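K.L.:
Below are the features listed in TrEMBL for this protein:
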- 45-67: transmembrane segment (TRANSMEM)
- 60-309: domain 'G-protein coupled receptors family 1 profile' (DOMAIN)
- 79-97: transmembrane segment (TRANSMEM)
- 117-139: transmembrane segment (TRANSMEM)
- 159-183: transmembrane segment (TRANSMEM)
- 216-235: transmembrane segment (TRANSMEM)
- 256-279: transmembrane segment (TRANSMEM)
- 291-311: transmembrane segment (TRANSMEM)
Amino acid sequence: MSEKDVEGDEISKTRSVHNEATLAVTQKPTFWKKWFLNQTKIDTLLLAMILLSSVTALLGNALLMFLIQVEYHLHIPKYFFLSQLAFMDICQTLIIVPKMSTDFLIPGNPISLAGCGTQILLTLTIGASESLLLAVMSYDRYVAICHPLQYPILTSKRVCLSLAAGVWCGGTLNAFINMVYVIQLPYCHSKEINHFFCEIPALLKLSCSDTSTYETAVFISGVILLLIPSSIILASYARVLSAILRMSSAKGRHKALATCSSHLTVVGLFYGGTMFMYMRPNAYHSPDQDNIIPMFYTIVTPVLHPLIYSLRNRDVLGALRKLFGKYNSS
């Protein structure tokens, strides 16, 4: 074979590889999700427990929203923000669990790039908004305990509505920017997502481009949306704890501590999981951790929120007893 023939073969091979790479990048990919659960009896039982937890979360949060809506004495800023949190939990459950269950029952069930992008947009909107909302809720408790005389002014209806609008707008903007970037990445490796829903760290592993700059941007976003709000919460509750310890009434101290401890329990679960996922370099992520940790802030916390805020809250328990009392009397 002559040198020209060899060179021609090499050029044709190079063109072929280039065309395949270009095709892989330009075509709209279809993904498949690989679960850490398989269709065994134990895994089926685990899925049943997840579904039961999700139904509990939906009913509990819906009941909490209903109580806040119908009981006039719950029409205060604290419960307005709590109703927002309950609504976010309902949305997060409906966005993730039905698709997750379908993927388990139908292995290899595909999801388009548009579908994956939509799930990223919705879950990130809810997640980022919840992070900001928890900080707003801590502000509400701080003002209520440390500045009770100024509470009606500092948490007026206009202020509460503005804070809620800011929470939703901030979460939506962050989610939209991330979604637009992720769906434009070239995916020319495996299209198998080793995760139970479309989440940014799982998709970055499938991209064949350099995502180091974007990972840095995600880290900065985590500082703004996770680290700063959690620091605000810790600072607020440090002041709250100081004020509580100065209270002369033991009953007042107990009530304030119960309120704060329930909020801090939620904060620890939510921020711990999200920081672990979004503030670590992508190289340090493992499939097992990436499948287990997100369950804490997508499935576990929506179940715990209504339990924590109802079982440890006399106002909500009183409204619940009143509601059941009406039905029993009728």
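Heads up, the Cβ atoms here are built off N, Cα and C, so glycines get one too.
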K.L.:
Counting only residues 6 or more past its boundaries, what in the same chain has a CB within less than 8 Å of a CB in the transmembrane segment (117-139)?
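P.N.:
Residues 78, 81-82, 84-85, 88, 91-92, 95-96, 99, 111, 163-164, 166-168, 170-172, 174-176, 178-179, 182-183, 197-200, 203, 225-226, 229-230, 232-233, 236-237, 263, 266-267, 270-271, 274, 297-298.
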K.L.:
Quick test of the contact rule: Cβ under 8 Å, at least six residues beyond the ends. What residues does that give for the transmembrane segment (159-183)?
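P.N.:
Same-chain contacts beyond the flanks: 77, 80-81, 84, 113-114, 116-117, 120-133, 136, 139, 200, 203-204, 214, 218, 221, 225.
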